[in-house]
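*Asks:* Residues annotated as active site, charge relay system in TrEMBL: S146, D222, H255.
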Amino acid sequence: MEIAVRYRSFEGEVRRVRHASEACGCDMVFGIYLPPQAADGPVPVLYWLSGLTCTDENFMQKAGAQRLAAELGIAIVCPDTSPRGTELPGEHDSYDLGSGAGFYVNATEAPWSAHYRMYDYVTAELPALVEAEFPVTGKPGISGHSMGGHGALVCHLRNPGRYASVSAFAPICHPSECAWGQKAFTAYLGEARENWKDYDAALLIGEANDPVPILVDQGSDDEFLGDQLKPGALEQACIASHYPLELRMQDGYDHSYYFIASFIGDHLRHHARGFGLI
Ligand SMILES: N[C@@H](CCC(=O)N[C@@H](CS)C(=O)NCC(=O)O)C(=O)O
């Protein structure tokens with residue numbers, strides 16, 4: 001593990017960390033924000049999973065989360081969105097498959113299965129490394145955007161008891177039934193749809209047995225809302241299963257980090273409540 005860069009931020013520090021990943025079979029880089037309170041002892045940690053085309057840097061640079069994270073005393077970890085430097089055939093040909101588009105699954109299909117094991121990376125390997133190397137407490141929160149919102153919901157729903165708090169911005173709620181999800185799942189998991197349901201939040205809600213309240217913000221002017229994101233499918237599944245979901249439609253907002261920056265404060269407070277900080 002090597003700390004590649006450090007930036008002072010709101011009396012805390014943003015660091016970019018490079019390490020050898022066993023899950024992904026390559027070097028991975030993640031970002032971590034340590035609030036000032038981390039100098040005195042362990043603080044709760046929020047994992048942020050980014051969307052298509054992103055790296056570990058988009059959220060740190062654009063969401064404006066550090067000011068409130070410093071006030072509340074929350075660390076934030078931003079993993080990358082796919083393995084890097086693996087040069088698989090077709091890996092860089094499109095923005096919604098391969099590099100920048102790992103979809104937080106463990107691929108079972110060649111050539112992806114050799115490296116694209118982002119589910120294991122974000123749920124097991126990365127938290128173990130972060131807990132060993134940084135002053136964070138054990139029960140994290142998880143959030144994310146779009147593909148990363150899907151990832152956050154799936155990580156929580158498949159790991160009851162693991163997360164103290166969950167939220168998402170414009171998540172891909174029902175990937176089995178949208179073009180982004182179908183393209184990625186066919187490539188990574190194969191054509192058999194029964195292998196997709198473990199990575200589909202709308203389908204997993206029915207089996208959920210850890211009712212941590214989920215906060216979802218969705219912009220009404222998001223260009224991907226109807227075709228790709230399908231928050232209605234998540235809402236219907238939550239109603240059917242009596243799962244606690246707060247879905248907020250935000251009038252006039254789009255899919256960008258301007259939208260995320262507008263509501264990140266509410267999400268940080270939601271996670272702070274989950275951590276028992278407020
Ligand atoms: N039209 C976009 C589609 C991908 C997109 O909207 N990505 C979102 C996540 S799904 C994002 O966060 N992009 C990077 C950014 O805005 O910093 C592109 O080609 O980059």
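All positions are counted from 1 along the displayed chain.
Just so you know, glycine gets a Cβ as well, placed from its N, Cα and C.
Unlike curated entries, TrEMBL annotations are predicted automatically.
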*Asks:* Return only the integer: C-alpha distance in Å from S146 (active site, charge relay system) to H255 (active site, charge relay system).
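*Replies:* Between the alpha carbons of S146 (active site, charge relay system) and H255 (active site, charge relay system) there are 8 Å.
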*Asks:* Rounded to the nearest angstrom, how far is the Cα of D222 (active site, charge relay system) from the Cα of H255 (active site, charge relay system)?
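*Replies:* Between the alpha carbons of H255 (active site, charge relay system) and D222 (active site, charge relay system) there are 5 Å.
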*Asks:* What does DSSP call D222 (active site, charge relay system) in the simple three-state scheme?
*Replies:* coil
*Asks:* Cβ-Cβ under 8 Å from D222 (active site, charge relay system), same chain, 6 or more residues apart: which ones?
*Replies:* A170, L229, Y253, D254, H255, F259
*Asks:* Helix, strand or coil: which one is S146 (active site, charge relay system) in, per DSSP?
*Replies:* coil
*Asks:* If you count Cβ atoms within 10 Å of the Cβ of H255 (active site, charge relay system), leaving out that atom itself, what do you get?
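*Replies:* The answer is 21 other Cβ atoms.
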*Asks:* So for S146 (active site, charge relay system), how many other CB atoms are inside 10 Å of its CB?
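*Replies:* I count 25 other Cβ atoms within 10 Å of it.
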